[in-house]
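If you check TrEMBL, you get these features:
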BINDING   His65, His67, His109, Glu111  Fe cation binding site
DOMAIN    33-126  domain 'Pirin N-terminal'
DOMAIN    179-284  domain 'Pirin C-terminal'
Amino acid sequence: MPEKDISSVLKKPRLVVRNFLARPQHEGVGAIVRRSIGRFELKYFDPFLVLDEFSVTAPAGFPDHPHRGFETVTYMLQGAVTHEDFEGHKGTIGAGDLQWMTAGRGILHSEMPAAQGTQKGLQLWINLSSSQKMIEPKYQEILSKDIAEASKDGITVRVIAGEALGTKSPIYTRTPTMYLDFTLKPGAHLQQPIPTSWNAFVYVLEGEGTFGSPQSLPVTAHHLLLLGISGDGLETWNKSSKTLRFILVGGEPLGEPITQFGPFVMNSQEEIDQTIEDFENCVNGFEKARHWSSGDPLN
């Protein structure tokens, strides 16, 4: 059966409704992040809590810190980061590698540079529904060489979660999510379907692209574009002479109340108060925090 022509995939492309430049700010100990979701202009984009483009050079990093109630997705762009947690899980992810961590009821971990020079990557926080906030922590890790990839008509996509160009990711998303890393050569034209009920955004990594409408102004690196809810997908053009690279992320909104206190994300203030008490007393998922330390010198 012949493959469907990508130029006829969409009936009504989504338009860009908001555009943010993610400016550098300090985070962790000495690390620099460009935060686009989770800052004062955009506290929450259901189900997404945070999107950071991080840059860290030793001895800076993200020493021991807890999480509860959501998932963190770390996608390395350059260098390597070593992760270690109080369950004994330890490993290093390098350029192009992926770690999809479900914090669930609680995790205490560190994320530190593992190579010379500057380590760069993206970290996305995805909220969990109330029924899944207290599940056991879990990991899904995929090496760069094992990430699903497809190419067609000047477009290459790395399918981190979801499906694109007929290729599916093996990642299981508890909150239904798509996460696609697109590279468009000069002159390439993309139409990528997005489930109609999902929220979706674009974050530009390099080059410049035209998104939503051919009349739109080109958008450059470090910009976050929120897509309108009306429409069935994203349309993008690379009208420049250089390569365009961006991520397209979409997710099914949870539609639940949210209360956040730093690395803890629950549904009510009472649950946050209980989480803080649990962490301070090393109970209800934080038992191993009492006697664990990663050994990082920044702790």
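For all residues, glycine too, the Cβ spot is worked out from N, Cα and C.
Where TrEMBL records a feature, it is marked here on the structure.
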{"residue": "His65", "record": "Fe cation binding site", "contacts (Cβ under 8 Å, 6+ apart)": "Leu108, His109, Ser110, Pro263"}
{"residue": "His67", "record": "Fe cation binding site", "contacts (Cβ under 8 Å, 6+ apart)": "Ala103, Gly106, Ile107, His109, Pro263, Phe264"}
{"residue": "Glu111", "record": "Fe cation binding site", "contacts (Cβ under 8 Å, 6+ apart)": "Gly61, Phe62, Thr74, Val81, Thr82, His83"}
Sorted by sequence, non-His65, His67, His109, Glu111 residues with Cβ within 8 Å of centre, Fe cation: Phe62, Asp64, Pro66, Thr72, His83, Asp85, Ile107, Leu108, Ser110, Pro263
Composition by DSSP (helix, strand, coil) of residues within the domain 'Pirin C-terminal' (179-284): 13 helix, 49 strand, 44 coil
Mean of the pLDDT scores, which run from 0 to 100, over the domain 'Pirin C-terminal' (179-284): 97
Surrounding CB atoms that lie within 10 Å of the CB of His109 (Fe cation binding site), all protein chains: 23
Secondary structure composition of the domain 'Pirin N-terminal' (33-126) [DSSP: H/G/I, E/B, coil]: 0 helix, 67 strand, 27 coil
